[in-house]
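Notes follow the structure.
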C-alpha cells in the first residue's frame, strides 16, 4: 500500500488518496481457462479489432478513391479526408473501442500492447496468447468485410495494407515502427498507472483519450513512411486479405518493430519511471 500526498494549491490542499499496485499476473494461470470472464474478454478483443480494421481500412480506401485523378479529374488531389482524416480515423476508433472494452478485456486491440503488458506482468501468458490470436482473427475478418463490400476498390487501392514506401530503407521503416509503438505503449502504461490515478485524482483523466491521441499523432508522423503499423494484427489482417508479395515482403517490419517498441516502453515505465528494479533490489538487501 502506498500513499501520495497532493501538493497544496492556492484554493487549498487536495486530499491524499491511497493506491495499491495489483499483484503481478501469474505466468501461466491454468485456472483462468475455466472462467467465462476470459472468453468474454477474448470475444471483446476479436470484435473490437474487427471493427477497428473495418472502419480504418474503409477510410483509407475511400480516401484513395476520392483522390484518384483518373476518377475525380484535376481537382481530385484536394478531395477526400487526406492523411489528417486517416489519422483521425485510426485515433478516433482506438478511443471509442478502448472506451467500450476497457472494463471487459482492458481494451488492448493490439498484440504489441498485449505483449508490453505481458512483459510488465499485467496479464498472464495464456491470456496474452488468446488475446493475440483473437486480435489477428478479428483483423482478418474486418479487412475481409471491406473487401467483400467493395472488392473492386479494395484491390485497386491496395487493400489498406502496410508497405514500406519507396525511397525509405527497411532500417528507417523499422525505426519508425519501434518509435511509434513506444509512444503508444508508453501512453498506455501512463494512462492506466494506478499510482498516477491516485496522485492526480483531482484531475480526472479518461484513459482512452490520451491513448487515441497517441495513435493519431503517430499516424501523422509515420503514414508517409510505412502507412503506420504499430499494430501487428492490423498489418497482418490487411496483408492476409490483400495477399500481394510487397505486403508480405515487408510484413516482418510490422511485427519486429512493434514488439521491440513495446518491450522498450514496458521496461522504461516499470524500471525507470516506477523504479521497480530499485524497489526489488532494496527489498533483497533488507532481506
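Glycine is treated like the rest: Cβ placed from N, Cα and C.
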| query | Pick from 83-104, 149-170: which stretch is listed in TrEMBL under transmembrane segment? | reply | 83-104
| note | In TrEMBL, of the candidate ranges 173-191, 230-248, the one given as transmembrane segment runs 173-191
| query | Given pairs 6 or more apart, does the transmembrane segment (42-63) have at least three Cβ pairs under 8 Å with the transmembrane segment (252-273)? | reply | no
| task | Sort out for me which stretch, of 125-146, 173-191, 203-225, has the most Cβ pairs below 8 angstroms to the transmembrane segment (83-104). | result | 203-225
